[in-house]
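Listed in Swiss-Prot:
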type: ACT_SITE; residues: 242; note: active site, nucleophile
type: ACT_SITE; residues: 266; note: active site, proton donor
type: BINDING; residues: 119, 158, 240, 245, 246, 270, 333, 380; note: substrate binding site
type: BINDING; residues: 157, 198, 211, 246; note: Ca(2+) 1 binding site
type: DISULFID; residues: 66-74; note: disulfide bond
type: DISULFID; residues: 186-200; note: disulfide bond
type: DISULFID; residues: 276-319; note: disulfide bond
type: DISULFID; residues: 475-510; note: disulfide bond
type: SITE; residues: 333; note: site 'Transition state stabilizer'
């Protein structure tokens, strides 16, 4: 379906391009909505990331073939997502993030088809493989009726071409149908050179990703108009920005301001001194600096906690707002964690850490079913083949973790912005406190493994002697000892999450 049904056409885009030339490429000024208000709303959310083509089909099939190595469209759709919102909400998620929605190159390339949504051809058309404009609007409406939010993945760093960069037919792109809108062809060769990162091209000689000159006011002006209309037409609450570190930084701010909603930028870099400054240009950043130490600690029982505890502190001092970082342990670009370890206790600990740490938790579809695909394309499985089992041990764990996070936010308006502190640690466990006095959660994460056990005492909890606290995972209760300390036993390597009984009152958690 064309966006033209909403009053936004290729002709309008062409007019904008022509007008911007007439005014000497001066930036277009918009009546901006309140991005900060949107960002504040997102701090309290828990996001379920969906690869639209692989989550749920319109026909409801749980047997339809989807061979990931074929890299073909498998039939996932907006209607499929709508029909499975109970499944998502049953895990306590308050938002979803879906794949890019615009028209893709149609070719069967050396890397298959563009089922993932990152090979853009035309921003004036929707990708009809996922459904119609009305179905996308219905998805937003159904989410909002449940007080849930919609985040859509957006690409504005590049287009895509099936072939070498020297052979690109720019006239096939809409609306940027001339080479002058793009950087000259050169593949990125040095990721330590920011000019090379921003001005050269991602991709390779098989599938080229022509790099837009987003620093050009003509180009970013079109995207400002486009995203403003796009967000309003489809009632979108937030945007995930693909390849953000490859975009001119000033353009990131212009785009977010024009969108009027929270933007979560993909900055694929584990160094916080590189990643954190991107919050000067957009509100949110994917938390790769946290991803790597989390991955290393929870995937290896011989790893020690020092790197992870250090990174918690470093992010708090380096990033302007850790509550707006997007935390994850799996996504469409990374291997699934169960492909690295089959130890269920380690998998549960990393899930708990992601959901209960500083920032916005993002769980990748299929984590709740223990999907174990490795590198792309193996990590983009069809979820329907799992049967959407709500009795899965990971589905039940994620439900509990989201439930306690949502309850903590309900009881304590400062919970999301309260910075976690590591109150106790050793080589193989970390205990954190998050939340204001009388409402704080004490979470204990470990990498002992399913055969591991350890008796520990956690001090500096902020509890008072005699306070009753409950581990929401096991539902076992403990009385705080002298000075509020907790003496507990880690058994079977399981994480523990303690909350005061007063916080749980009326929640239904552990029958409270």
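Glycine residues also receive a Cβ, built from the backbone N, Cα and C atoms like all the rest.
Overlay of Swiss-Prot feature records on the structure.
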residue	record	CB count, 10 Å
74	disulfide bond	23
119	substrate binding site	26
200	disulfide bond	19
240	substrate binding site	25
246	substrate binding site	23
270	substrate binding site	16
276	disulfide bond	22
319	disulfide bond	22
333	substrate binding site	12
380	substrate binding site	22
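Note: the Ca(2+) 1 site is recorded as 157, 198, 211, 246; in the same chain, 158, 183, 197, 199, 200, 201, 202, 212, 214, 243, 247, 248 also have Cβ atoms within 8 Å of that site's Cβ centroid. Rounded to a whole value, the Cα-Cα separation of residue 66 (disulfide bond) and residue 475 (disulfide bond) is 39 Å. The candidate set comprises the recorded positions 198, 211, 242, 266. Of these, 211 has the most other Cβ atoms within 10 Å. Under a cutoff of 8 A between CB atoms, and with a sequence separation of 6+ in the same chain, the neighbours of residue 186 (disulfide bond) are 196, 199, 200, 201. In space, 245 is the closest of the recorded positions 158, 242, 245, 270, 319 to residue 198 (Ca(2+) 1 binding site), judged by Cα positions. Nearest by CA distance to residue 74 (disulfide bond), out of the recorded positions 211, 242, 276, is 242.
Across the structure, residue 158 (substrate binding site) and residue 510 (disulfide bond) place their CA atoms 49 angstrom apart. Checking each of the binding-site residues 246, 333, 380 against residue 319 (disulfide bond) by C-alpha distance, the shortest gap belongs to 246.
The disulfide-bonded residues near residue 246 (substrate binding site), taking a 10 angstroms Cα-Cα threshold over the set 276, 475, 510, amount to none. If you take the CA of residue 245 (substrate binding site) and look 10 A around it, the recorded positions you hit from 157, 211, 475, 510 are 157. Using the residue listed as 'active site, proton donor' as the reference Cα, a 10 A cut-off selects 240, 242 from the recorded positions 240, 242, 276, 333, 475.
Look at residue 66 (disulfide bond): DSSP puts it in coil.
Between the listed recorded positions, namely 66, 158, 475, 510, the fewest other CB atoms within 10 angstroms of a CB are found at 475.
Listed in sequence order, the residues of the same chain lying 6 or more apart from residue 157 (Ca(2+) 1 binding site) and placing their CB within less than 8 Å of its CB are 202, 209, 211, 212, 214, 242, 243, 244, 246, 247.
Around residue 245 (substrate binding site), a 10 Å sphere centred on its CB holds 22 further CB atoms from the protein chains shown. Here the C-alpha separation of residue 240 (substrate binding site) and residue 276 (disulfide bond) works out to 16 Å.
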